[in-house]
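If you look up Swiss-Prot, you'll see 7-37 marked as zinc finger, on the strength of sequence analysis. Sequence annotations record features per position, and here Swiss-Prot assigns Zn(2+) binding site to 7, 10, 33, 37.
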């Protein structure tokens, strides 16, 4: 059975054959469901807890 991944930024499930795997210089893997998530994390350094469309925002707010 093929396992699904979870987006490192928004927490959304990524289906097999989709998404983007980013490898940092230290060897750690980051999985992204879209370029929106990739750019928000790596280029713009946004905090996912402050964005309403992420799952971590829903977990941080009561």
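Yeah, the Cβs are placed from backbone N, Cα and C, and that goes for glycine too.
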- [ ] Please list, for the zinc finger (7-37), how many residues fall into helix, strand and coil according to DSSP.
- [x] 3 helix, 10 strand, 18 coil
Open item on the list: Please list, in sequence order, the residues in the chain of residue 10 (Zn(2+) binding site) that are at least six apart in sequence and whose C-beta is under 8 Å away from its C-beta.
Closed with: 33, 37, 48, 51, 53, 54, 55, 56
Open item on the list: With the cut-off set at 10 Å between Cβ atoms, which of these binding-site residues ends up with the most neighbours? Options: 7, 33, 37.
Closed with: 37
Task: Extra residues within 8 Å (Cβ to Cβ centroid of 7, 10, 33, 37), Zn(2+) - done: 8, 9, 11, 12, 14, 19, 31, 32, 34, 36, 54
